[in-house]
Amino acid sequence: MAIGGAAPHDSPGGLPDFEQPLLHAHGGLQAGKDPAAAHDHEAQCSPEAGGATSLRTCFNGLNALSGVGLLSIPYALAEGGWLSLVLLLLVAMVCCYTGQLLQTCMGASPDVRGYPDIGALAFGTKGRFAVSAFMYAELYLVAIGFLILEGDNLDKLFPGTSLSLGGVLVLSGKHLFIVLVSIFILPTTWLRNLGVLAYVSASGVLASVVLVFCVLWAAVVDGVGFQGKGTMLKVSGLPTALGLYTFCYCGHAIFPTLCNSMKEKDKFSKVLVICFVACTLNYGSMAILGYLMYGDDVESQVTLNLPEGKLSSKLAIYTALINPFSKYALMVTPVATAIEEKLLAGNKKSLNMLIRTFIVISTVIVALTVPFFGHLMALVGSLLSVMASMLLPCICYLKIFGTARCSRAEVALIVMIIVLGSLVAASGTYSSLQKIIHEF
């Protein structure tokens, strides 16, 4: 997920490579003509000559697709069974194809700089609003997921921790850590220049590889072994599995930014394929490892299954904690900026800080109320990621170019993606909401 892009009057290739996608691992918002996103972008990036090389763009793309979904991928496999790995490959191919569609849509107009611009090109103001709404909602829910993840893993590191506030209120376990983490994160949301955090987030690719090796180390060296046989197919869990698989590939919002940042934009298709292949290998490796180790008992975050006290477990958990901590501010900033623009807050620092504080408090309340990481991420994947990564690219593409300019095979493929994507969104959203309600 990322913020990036340039306002229409900016040079598309005039931004520092590493500052192009400021949000990594889940879909995000582009600047384009969206005043909120453009304002946020200008506050975070400074123009610089040149453009990104293919290698740098590939690295940024890997950062965009590699995120907290890696922790829940074994759980997704456990929900769907071994045969659902075919669906992981299918989702990867579909999302890669829809990413290519976005690139084609960008070529239809020189004014397109971000994802909302594509929505505007296809459906006018309503299209821009719809795309932006899905992006903001996804950012907000992913920020909540970060807090839940931090609480779960810190509770794993420090079990039994509690805090009494005047003997009236007692906080313990994951609830305590969610509150504590939010207190530490809050000052980072007040920053207007998030360039430093953008560079911290660039560690996403390394962190993802380290996580896989830590899990492998726990199995081979720390004695966990590969005892989980698993189930071949669990039809009832397929909606959840599909939602989580889609969540892993929800980087489409920054693809226009990555393409615009390149010196040689014609090579973006190859870069996109490389990113999807590399991430699918990493996701597949983690899914197979986690499921072989723990079978159907795997947790919604595989780090919660790792043996306590082992170096590999601690390293995996600390690695998993760093990225959400650094990315939380990057997730809520575009949401806060949009609210500030609506309220005409401008440069009123005290009002801006108050708005961002209320946003953090609201995410804490939701995280404390719905502390189910796997179910929440499945909901985000089914409801928002399917829309942003599958449905909207196909719908916008058909609207912009029309069926007359597309081959029959292409139209048939796109229609099939829209139909199947709609079914995945409907069934996955229903299944996730049902499980969340059942947990209460």
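Glycine is treated like the rest: Cβ placed from N, Cα and C.
Features reported for this protein in TrEMBL:
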type: DOMAIN; residues: 52-432; note: domain 'Amino acid transporter transmembrane'
type: TRANSMEM; residues: 80-99; note: transmembrane segment
type: TRANSMEM; residues: 129-149; note: transmembrane segment
type: TRANSMEM; residues: 161-185; note: transmembrane segment
type: TRANSMEM; residues: 197-220; note: transmembrane segment
type: TRANSMEM; residues: 240-259; note: transmembrane segment
type: TRANSMEM; residues: 271-295; note: transmembrane segment
type: TRANSMEM; residues: 315-339; note: transmembrane segment
type: TRANSMEM; residues: 351-370; note: transmembrane segment
type: TRANSMEM; residues: 376-398; note: transmembrane segment
type: TRANSMEM; residues: 410-430; note: transmembrane segment
### Query
Okay, the transmembrane segment (129-149) and the transmembrane segment (315-339): do they have at least three CB pairs under 8 Å, pairs separated by 6 or more?
yes
### Query
Quick one: do the transmembrane segment (129-149) and the transmembrane segment (376-398) have at least 3 Cβ pairs under 8 Å, skipping pairs fewer than 6 apart in sequence?
yes
### Summary
Spatial neighbours of the transmembrane segment (410-430) not adjacent in sequence (6+ beyond its ends, CB under 8 Å) are 94, 97-98, 101, 239-240, 242-243, 246, 378-379, 381-383, 386-387, 390-391, 394-395, 397-398, 403
#### Entry: Contact call for the transmembrane segment (240-259) against the transmembrane segment (376-398), three or more Cβ pairs under 8 Å
yes
### Task
Verify whether three or more Cβ pairs under 8 angstroms connect the transmembrane segment (80-99) with the transmembrane segment (376-398), leaving out any pair fewer than 6 apart in sequence.
yes
### Message
Ranking 80-99, 161-185, 271-295 by the number of C-beta pairs under 8 Å to the transmembrane segment (351-370), which range is first?
### Response
161-185
### Summary
If one takes Cβ-Cβ under 8 Å and requires six or more residues beyond its ends, the residues near the transmembrane segment (161-185) are 147-148, 150-152, 154-155, 325, 328-329, 360-361, 363-364, 367-368, 371
### Query
Sequence-remote contacts (6 or more beyond its ends) of the transmembrane segment (271-295), Cβ cut-off under 8 Å?
54, 57-58, 61-62, 64-66, 69-70, 73-78, 82, 85, 88-89, 92-93, 95-96, 99-100, 103, 208-209, 211-212, 215-216, 218-219, 224-230, 248-249, 255, 258, 262, 302, 305
